[in-house]
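Some features that TrEMBL has for this protein:
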{"type": "ACT_SITE", "residues": "GLU106", "note": "active site, proton acceptor"}
{"type": "DOMAIN", "residues": "112-352", "note": "domain 'Radical SAM core'"}
{"type": "BINDING", "residues": "CYS126, CYS130, CYS133", "note": "[4Fe-4S] cluster binding site"}
{"type": "BINDING", "residues": "GLY181, GLU182, SER215, SER238, LEU239, HIS240, ASN314", "note": "S-adenosyl-L-methionine binding site"}
{"type": "ACT_SITE", "residues": "CYS357", "note": "active site, S-methylcysteine intermediate"}
Amino acid sequence: MAELIFDAPAVKKKSPIHLADLTVAERKARAEELGLPAFRANQLAVHFFTHHSDDMESFTDIPKELRAPLTDAFLPKLLTLVRSVTCDGGKTRKDLWRLHDGVLVESVLMRYTDRTTVCISSQAGCGMQCPFCATGQAGLTRNLTAAEITAQVVMAAKACDLGEMPGGPTRLSNVVFMGMGEPMANYKSVMQSIRNITNPQPDGLGIGARSVTLSTVGLVSGIEKLIAEDLPVTLAISLHTPDDELRDSLVPVNSRWKVKEVLAAADKYEAKTGRRYSIEYALIRDINDQAWRADLLGRMLKNKNAHVNLIPLNPTPGSKWTASRAEDEAAFVEILEGYGVPVTVRDTRGREIDGACGQLAASQIDNNS
Ligand code: SAH
């Protein structure tokens with residue numbers, strides 16, 4: 001196995017500091033350091049987290065001469081939109097963002113009848129090398145800062161406020177860490193971003209922790225740390241197969257933490273938070289979709305507070321793998337249900353806009369090279 005990357009390469013050019021990287025006390029200290037009144041930092045936090053604005057023209061409660069220095073100190077522009085693509089009649093929108101150093105990341109906004117969800121990236125690229133994932137194939141470029149992660153959510157919330165999705169203005173209700181990157185490999189910034197997302201206004205966006213899903217390949221050390229936090233987010237484990245033999249190649253981090261250890265960590269998380277966890281399972285034709293694997297998975301999960309989310313594989317360009325046949329998918333569902341395991345098949349939103357993890361950024365990089 002090639003080496004998995006748990007520590008991102010050093011950032012070449014440091015990302016500008018933003019209030020979403022700082023605690024309330026740190027914001028105050030930074031304001032004082034710069035000779036700016038501390039309460040002004042809180043006013044900027046209200047603009048950012050409550051009004052979803054980083055445009056100083058809208059800061060009418062701040063004297064004109066202070067707007068530029070305060071914006072430079074606390075709200076530097078972190079994300080520049082490169083392009084947006086939509087599908088599902090506009091109800092799915094994928095945004096490609098350029099960061100200050102030219103690095104590209106993507107987020108996807110999805111409007112459903114009962115909720116609006118944004119899928120965000122935690123790293124530029126990913127070091128986990130799952131062979132069916134577009135992001136994994138490009139490797140890890142760098143970790144995102146807490147503010148770069150948070151800003152994706154704020155931009156999505158702003159799009160909802162402005163009624164950019166069909167159906168008129170709405171409230172962003174859910175956040176899933178299922179874009180580019182392995183959130184547990186960028187633990188500190190991801191936790192700070194979750195605090196920004198879940199803290200009540202004015203110190204955060206005020207989205208309930210239960211409406212935030214953290215999806216991981218199964219870095220047990222990260223799950224253990226999460227258990228120690230008081231943050232009852234929904235945990236999703238990208239299992240993809242119940243047997244170690246196949247998982248060693250589908251999810252290479254399995255060579256470090258085996259299926260049993262990952263499920264034990266998820267159970268411990270469930271015991272601490274009472275939160276049902278999700279098992280993500282990309283169904284790949286003739287690779288992991290056999291009845292015996294469904295049976296093994298069913299037996300493993302039957303008495304657990306877990307739910308299985310089957311994802312038809314979205315083949316990456318040049319992939320030799322494809323989604324399962326309809327009859328195999330149906331049989332897989334039926335076997336799991338036979339064990340009383342709740343199971344859903346994820347709708348394939350965004351498929352025609354390179355909706356699967358990392359594909360839009362990958363196609364943009366290809367176009368540029
Ligand atoms: N690194 C994290 C989160 C990012 S990916 C994780 O692995 O959980 C979010 C989900 O999409 C994961 O379950 C991942 O395995 C899955 N995924 C990645 N590429 C896919 C593809 N081509 N088709 C279907 N699901 C895919």
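From the backbone N, Cα and C atoms, a Cβ is placed for every residue, glycine too.
Automated prediction, rather than curation, is the source of TrEMBL annotations.
Shown here: features listed in TrEMBL, placed on the structure.
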| residue | record | Cβ within 10 Å |
| --- | --- | --- |
| GLU106 | active site, proton acceptor | 28 |
| CYS126 | [4Fe-4S] cluster binding site | 29 |
| CYS133 | [4Fe-4S] cluster binding site | 24 |
| GLY181 | S-adenosyl-L-methionine binding site | 31 |
| GLU182 | S-adenosyl-L-methionine binding site | 30 |
| SER215 | S-adenosyl-L-methionine binding site | 22 |
| SER238 | S-adenosyl-L-methionine binding site | 25 |
| LEU239 | S-adenosyl-L-methionine binding site | 27 |
| HIS240 | S-adenosyl-L-methionine binding site | 25 |
| ASN314 | S-adenosyl-L-methionine binding site | 20 |
Nearest by Cα to LEU239 (S-adenosyl-L-methionine binding site), of the recorded positions GLU106, CYS126, CYS130, CYS133, is CYS130
Spacing of the two Cα atoms, GLU106 (active site, proton acceptor) and HIS240 (S-adenosyl-L-methionine binding site), in whole angstrom, works out to 23
Going by C-beta under 8 A and a gap of 6 or more residues, the same-chain neighbours of CYS130 ([4Fe-4S] cluster binding site) are GLY136, VAL217, SER238, HIS240, LEU250, VAL251, PRO252
The correct three-state DSSP answer for GLU106 (active site, proton acceptor) is strand
Record-listed S-adenosyl-L-methionine binders GLY181, GLU182, SER215, SER238, LEU239, HIS240, ASN314 have a maximum CA to CA distance, in Å, of 19
Cα of GLU182 (S-adenosyl-L-methionine binding site) to Cα of CYS126 ([4Fe-4S] cluster binding site), in Å and rounded, measures 6
A 10 Å Cα radius around CYS126 ([4Fe-4S] cluster binding site) captures, of the binding-site residues GLY181, SER215, ASN314, exactly GLY181
